[in-house]
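Colleague: The structure follows.
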């Protein structure tokens, strides 16, 4: 009691007057502090006058230059021991603040004033002392005091430090120095409160900082004058020679950046959408032109068959044999990104020098419906905790994490896991697993830990919640500020940033998060590396464990999950599941062909007149052509893909069925001429339709061969396979199918049943042509109505309107392919994407990669890269920092870390990071910060006179490997191991040949945002490249490029529009040329053919916009296919019209519509539609959208244009009667007339001979034999005729 009274008297009697101290010299360790990061040495209570400093003042001026009053006029209230302890304490903070010299000096400024100021008694008030016994002597030690400073000084000091960054993380240094509040909620008062809190592991005693406004005296003890020294601004040089802080750490140092140009405004004319106006004007012009045209017009053998079939089978077999070495491309990178594309080259460069980006295996867990609570924390006040962030769920998450690690073979995980701090020989605890339990080092004991703690006279229990609040706001801390004394670092030694542990929060309110994030990271190996299969096996086990956990009824989480292999697995799975759908589709088409080709003259002849075998033969011809194409390209090493397996048979079937229908229907409608053999009739019919079949097949084949000029691997391989398949289909139709039709015709002539060839029927085949139902309908009903004068006008107006509207819509089509569309309905990946977009608060990392040719070791080189004091205002990292200030334009959220900045800070003699051994066998070599100062008394570099530290080339090359291999810890948080050891690649000579700087994108949710982010990153990288090339010694081909794992998928969308225009143009060109050539250089027919196909393609893109079908590589394949199918709808009609000899355009259009339109409708439209409709039942969204929807649109538009628009167009603008055909017809008529004259003359001769015979008969005898001979002679003449 006497001691307490004496203590109270001493504290109350101390006077606050100038030139006096309230404590002096060190008394020993603070007895109120347990474990601490540095020894908590406290001063002795000593009310006395300030001491005059004599002798060497180096340490004084080095630690506290603010005390400098000249050699004989410097007084302080601290001893040399206190200065040394203060230096050690400040060193830890300066390690993260030294990037900004004025900030570091302001930080030291106040602590120097509190500890050493000669007017100490006027600045502080001792509030608590304790007895400390050292070496048998008991002294009163100060363990708490109040410090009075003005808000002017506090605000200025805080402003100089609040933007200082930690390059390794991209975050702010002040976030580690403001406790639970982090950088966003930090204020000067909270900043100083943290500095004065002895529980932070750094402060040796409690300091209650009182911030007093100037002129206010309330709450200020008598005699105390709040300190109001001048705090340096961050854009000022320091008295000790430190340079101004860089722009990245100090906004005031930033040069005036010209404002960003506004984004280009939408194309507008006369205040409305320009494309809409152009489409309206074009519509009006076309309508006017059409109406003007109307007004002007108104004013004006068995062996051969067997050989053919055998030869066809041999050729197909030889080609198909290549299927034994077929290679299916399932890797999305190989499928959609060309090997010589920029993104692939950048990916190869990155993966070669830095290894591929690690494989991600992730769970996003929620607990909807659980009620949250408010926690009244002793240290942090009232905090909202969501129903998810609860102790029982954190423990369940930890059990799940350990279950995955234990149930999956540990040896496999540690062999393939990403272990940044021990990559050479990792253990299981070295594996990078990011989760919320990592804030407790995955320890159940740490989660359950609790302790009573007293703060400001209030004693309460602190537990896992207090620790979690602190760590979520200060993830880089090695010790929290509670009496729990737990670290925030993960068990593998690295920090876990809150956006990697929780999601679904707002305004950094992490404890109110709606989702936990659990991520296992594996090394990504090349596919030919044996460890690739090991990683794939672990991921397979991971998925099995997670799926079993999801099925467990006791699970309290609702979650989504994925493995790195999931995308490829799901695509392959859905493809296998949808194969039956395609088989049903082909079966439906086959049944339709078999039924539709039949003649059905009577019920008794159904089995005779059906064309089941002919339909089967047509399907076999298509299958053989596809197999031959695939086999041929397999022979020569061009890989196939699942897209080819799905689309090419469908395309060839559409083309082949059309030709089959045209050929068979033409044969059925033809009448065999007298004396004409069956083979001759088939040959004659084939001669009539083969040119039309050649026109379409050749156009399509050349079209696809030219489409192979595409740079997209999937489009290129599809075009090659389709081109050869269409060509082979035509060849087999001209050979094998003709032979099959000949055999079937022989069977039908002999009245034999299909499948039961030994059975014949007695009912004879009618001797009249079989027109079926469709031809008479088209001739008598459809064609006359369609080509009525008013109907034609309406058709032209409607189709012109649709074309112009589609032209406008085409400019608004969405470009891209969201990755969830590649997944089947019901896939667990769809749920994962939904969770990802909803709960993640940061996007994918983006690396800015430098190539060989830049001298990082030169001073100019370092200044062109770094962002700390003395660096260029427009350096590499500084430009990235500028870009993050416009996240909505740059798509960059977090600035790039910088190994150059941290290397310079690591070398700074003000920290303990880079020292050299002075004793022992390692003398002169690098000494880690955790070694004793007795062994390592020499700094790597001396303090620079101008405050700007830059190593020489020799020092740079000497110490860089030490920096990259130095594991970060509390004594030296700037060590490069883990953060940068894989970010710098040097050759044998020590030259840096590649390096990377990691930033983060904003959350990207669709392909349009990914594409825009890629474009903006490339623009930024190009700007950086141009600036760095100006540095002396830089190679002219030096380059900086951005790399993100998604670039290879989204690069195609930067060029897919011009790529698509080129491919479709290359497809349209042969259709025009071939049509003109095969129709005898008929340019008008070729032009009308081309116009109609263009309209089909444009209208298809317009409908895509309306139906929500994005334009991408899959859509481009379908558009190329659309050109081929459009040729089938259009070219047959055009040729039929061109060869018609009717007197008027309308009559010729009617004839073409009736004769060829019926065959096109039956052969193309009705062949495609049943098969397409079946695809609506496919599980894969890609098939539903790009094969069902898009092919349905293509077929319907092709049918509408080919059977409605084109006949009308030809009736107005079609070519005149072909003179060559007309001449041929006239010659045929003349020949027929001549034959009739000859016939009449023969009959006259026969009549004369008959009369003569009668006379001879009457004059002859009654013998009958000569009479019969004469009759036989007469019959022979008639038969001969």
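Heads up, the Cβ atoms here are built off N, Cα and C, so glycines get one too.
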Colleague: For the annotation transmembrane segment in TrEMBL, which listed range does it cover: 535-556, 557-578, 579-600?
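Modeller: Residues 579-600 are the ones TrEMBL records as transmembrane segment.
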Colleague: Which one of 1009-1029, 1030-1050, 1114-1134 shows up in TrEMBL as transmembrane segment?
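Modeller: Transmembrane segment, as annotated by TrEMBL, spans 1114-1134.
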Colleague: Could you tell me which of the ranges 612-636, 762-786, 862-886 is annotated in TrEMBL as transmembrane segment?
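Modeller: Range annotated as transmembrane segment by TrEMBL: 612-636.
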Colleague: Please identify the range among 718-743, 900-925, 926-951, 952-977 that TrEMBL labels transmembrane segment.
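Modeller: Spelled out, TrEMBL records transmembrane segment over residues 718-743, not the other listed ranges.
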Colleague: Transmembrane segment per TrEMBL: which of the ranges 504-528, 979-1003, 1154-1178 is that?
Modeller: 1154-1178
Colleague: Write down the single range among 457-477, 478-498, 1087-1107 that appears in TrEMBL as transmembrane segment.
Modeller: 1087-1107
Colleague: Please give the sequence-distant neighbours of the transmembrane segment (1087-1107): residues at least 6 beyond its ends with Cβ less than 8 Å from one of its Cβ atoms.
Modeller: 799, 802-803, 805-810, 812-814, 1064, 1068, 1071-1072, 1075, 1115, 1119, 1122-1123, 1126-1127, 1129-1131, 1134, 1189-1190, 1193-1194, 1197-1198, 1201-1202, 1205-1206, 1209-1210, 1213-1214
Colleague: Counting only CB pairs under 8 A, let me know which of 832-850, 1114-1134, 1154-1178 has the most with the transmembrane segment (642-665).
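Modeller: By the under-8 Å Cβ criterion, the transmembrane segment (642-665) pairs most with 1154-1178.
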Colleague: Would you say the transmembrane segment (832-850) and the transmembrane segment (1154-1178) are in contact under the rule of three or more C-beta pairs closer than 8 Å, pairs 6 or more apart in sequence?
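Modeller: Stretch pair does not touch.
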Colleague: Going through 579-600, 793-812, 832-850, 1114-1134, 1190-1213 one by one, which has the most CB pairs that fall under 8 Å from the transmembrane segment (612-636)?
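Modeller: That would be 579-600.
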Colleague: At a threshold of under 8 Å on Cβ distances, which of 579-600, 793-812, 1190-1213 pairs most often with the transmembrane segment (1114-1134)?
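Modeller: Comparing 579-600, 793-812, 1190-1213 against the transmembrane segment (1114-1134), the winner is 1190-1213.
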